[in-house]
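I have placed the structure first, in the form of structure tokens, so that the comments after it can refer back to it.
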Amino acid sequence: MTTAKFWLASNSPRRREMLSWLGWSFQSAPANIDESALGGENPLEHVKRLALGKCQVKIDTAQPGEIVIAADTIVVLENAILGKPVDEKDAFVMLKSLGDRTHQVITALAVRQVGLPDVQQETCISNVRMRNYSDAEIEAYIRSGDPMDKAGGYAIQNAQFHPAVNFAGCFASVMGMPLCHLERTLRRLADYQPADLAVICQKKLNYACPITRRVMIGENIG
Ligand SMILES: Cc1cn([C@H]2C[C@H](O)[C@@H](COP(=O)(O)OP(=O)(O)OP(=O)(O)O)O2)c(=O)[nH]c1=O
């Protein structure tokens, strides 16, 4: 187990939970930034900029050398960015537009060490095919409250709504924290002791990941 001290620059309960799987010592700090898109920015540029911005938010009590991790997740449908729904009507429109189609989920990661200028970045793009759910199912899912704090208005991990029928990429990335990509990013830091996040991720998700090995050798996948 690594002995480094980590900060998760995030309010996301999913990211907190996923990082807690690793058994590391970490604290969360809010990373409140303006998440609106800039004119002329494509989805990849957008998500990378937001992850970077979250990572650079100052944490008053962080000490030099401590590691700050931030991420941003967006859903992209035909080049349009779907962030979190602003209200239930918006959630309905998003879920309706995603039904019976394939879209991309992009998570950008940003990692820095306090006191050092460099920020390490990674992006992870997955394809998700949604099932052909009915309007009544969308309405029931919205009533559950689950969509409102999720990009695209859904959680792939929601067992009741189970929105996805097909998937290619990194499941953990769609949930907000691609752990193999995190591990390979952390390995670029001088004093990081390698850990086997791939094993932990697969165990926690109960999922035999077909891309782990390729991610860990540095392929631009998932
Ligand atoms: C698509 C999808 C998103 N999500 C979540 C992950 C993220 O928490 C959220 C995307 O919003 P983000 O803006 O990436 O993150 P956040 O606002 O929740 O947290 P913070 O910025 O403080 O780190 O959507 C799922 O949990 N499952 C999914 O299938």
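Glycine too: its Cβ is placed from the backbone N, Cα and C atoms.
Taken from TrEMBL, the feature active site, proton acceptor covers Asp72. The site 'Important for substrate specificity' annotation in TrEMBL covers Arg14, Thr73, Gln157.
Put simply, Arg14 is the one of the recorded positions Arg14, Asp72, Thr73 whose Cα lies nearest to the Cα of Gln157 (site 'Important for substrate specificity'). Rounded to the nearest whole angstrom, the C-alpha distance between the residue listed as 'active site, proton acceptor' and Arg14 (site 'Important for substrate specificity') is 12. Arg14 (site 'Important for substrate specificity') sits 12 Å from Thr73 (site 'Important for substrate specificity'), taking the Cα positions as reference. Counting other CB atoms no more than 10 Å from each candidate's CB, the recorded sites Thr73, Gln157 peak at Thr73. For Arg14 (site 'Important for substrate specificity'), the Cβ neighbour count at a 10 Å cut-off comes to 18, with all displayed protein chains included.
Residue environment of Asp72 (active site, proton acceptor) contains 28 other Cβ atoms, counted within 10 Å of its Cβ in all protein chains.
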